[in-house]
Amino acid sequence: MSAEIIDGKALSASFREQIAQEVAQFKAESQVVPHLTAILVGDDPASAVYVRNKERACEKAGIQSTLKRLPAETTEAELIDLVQQLNADPEVHGILVQLPLPKHINETAILDIVNPLKDVDAFHPENVGLIVQGRPRYLPCTPYGIQQMILSTKMETGGKHAVILGRSEIVGKPMAMLLIQRGVGADATVTICHSRTQNLKEIVRSADIIIAAIGQPEFVTADMVKPGAIVIDVGINRVDGKLVGDVAFESVKEVASAITPVPGGVGPMTIAMLLKNTLAAARILTGKLSD
Ligand SMILES: NC(=O)C1=CN([C@@H]2O[C@H](COP(=O)(O)OP(=O)(O)OC[C@H]3O[C@@H](n4cnc5c(N)ncnc54)[C@H](OP(=O)(O)O)[C@@H]3O)[C@@H](O)[C@H]2O)C=CC1
Ligand SMILES: Nc1nc(=O)c2c([nH]1)NC[C@@H]1CN(c3ccc(C(=O)N[C@@H](CCC(=O)O)C(=O)O)cc3)C=[N+]21
């Protein structure tokens, strides 16, 4: 039997519609326009696509979006200066520093100085700490979007074995934190695999939920998937000009019960959750909601 295809594009559209309504209501009540500012340093083509998608989505939801484009030669001091300006600007509610940054800039040094209340990526250590403790201020966009996709399948996650491939700060690690929390769409038993993991295939084969976030084209093959598992493909890889995920979609969909496509899966959901966080940031900063 072929798996249910979790349509990230359609799901994100329905989230974005809901967010647009909430934005309109917030504007009417507060006379404030939620405003996201993204910083893009250098000209990485993949980052440019993401930033463009994000700008379009903001516009459609009634969220103001500004892109600060800086040349690849920008110094760390210059970038710090810009972040501090945005921190101090009362009209900016969300700040997103597009990663990766050029090698000569220390990413941690930059992410650490973003005002945690404006940190819509949830990368600041204060926000990460709050997530770990189970009292999040913002949820990290990609794991948050994935959790919504899993919820959309109506599969019970409680007590299930979720195997995450990849331990990055942006996907793998925070994903594990969300799935081990108590509550709906969580309560899972989580294993994180990475490049040093032994018996990776066997571990993945025991998973009820597989989340692949390693950046290796079609790494997860049908023989690694337990029949009936949910498979979430986070990978964005460009192969011969085509976009492919970390999962061999065509064969795995014959084994899984539900699967996300690439493109049209996790990517669009990441953007929808970014909009949600930006509205939440505007609420927190204007005192319309306690943080
Ligand atoms: N759709 C979306 O919204 C998003 C998509 N992405 C995509 O997701 C993918 C992962 O990105 P990101 O989370 O930033 O991860 P990173 O590229 O920062 O790290 C990759 C992780 O995968 C692990 N890994 C790499 N190769 C293997 C392997 N052969 N076996 C086991 N583990 C391996 C690494 O292990 P180790 O730590 O040991 O090196 C590391 O933990 C990329 O394709 C990226 O483009 C990322 C963010 C959002
Ligand atoms: N500070 C920061 N926050 C991030 O959340 C962040 C980041 N930096 N750096 C890079 C990764 C990657 N990422 C994607 C988001 C959406 C799509 C997306 O919209 N993808 C579409 C199509 C993309 C295309 O056509 O190339 C899809 O999968 O259907 C992809 C990738 C967010 N990231």
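Each residue, glycine too, has its Cβ placed from N, Cα and C.
Positions annotated as NADP(+) binding site by TrEMBL: G166, R167, S168, I236. Annotated domain 'Tetrahydrofolate dehydrogenase/cyclohydrolase catalytic' per TrEMBL: 6-121, in sequence order. The domain 'Tetrahydrofolate dehydrogenase/cyclohydrolase NAD(P)-binding' annotation in TrEMBL covers 140-283.
Within its own chain, S168 (NADP(+) binding site) has A213 as residues 6 or more apart in sequence whose C-beta sits under 8 angstroms from its own. For ligand 2, the binding-site residues lying close by, meaning a CB under 6 A from one of its atoms, are I236; the full candidate list was G166, R167, S168, I236. Per-residue pLDDT, averaged along the domain 'Tetrahydrofolate dehydrogenase/cyclohydrolase catalytic' (6-121), amounts to 96 for this model. DSSP assigns R167 (NADP(+) binding site) to coil in the three-state reduction, outside any helix or strand. For the NADP(+) site, whose annotated binding residues are G166, R167, S168, I236, the maximal Cα to Cα separation is 16 Å. Around I236 (NADP(+) binding site), the same-chain residues six or more apart in sequence whose CB sits under 8 Å from its CB are A46, G215, L243, G245, V262, G267, listed in sequence order. In terms of DSSP secondary structure, the domain 'Tetrahydrofolate dehydrogenase/cyclohydrolase catalytic' (6-121) contains 61 helix, 18 strand, 37 coil. Neighbour density for R167 (NADP(+) binding site): within 10 A of its CB lie 18 other CB atoms from the protein chains shown. Helix, strand and coil counts under DSSP for the domain 'Tetrahydrofolate dehydrogenase/cyclohydrolase NAD(P)-binding' (140-283) come to 52 helix, 28 strand, 64 coil. Its Cβ taken as reference, G166 (NADP(+) binding site) is surrounded by 22 other Cβ atoms within 10 Å in the chains shown.
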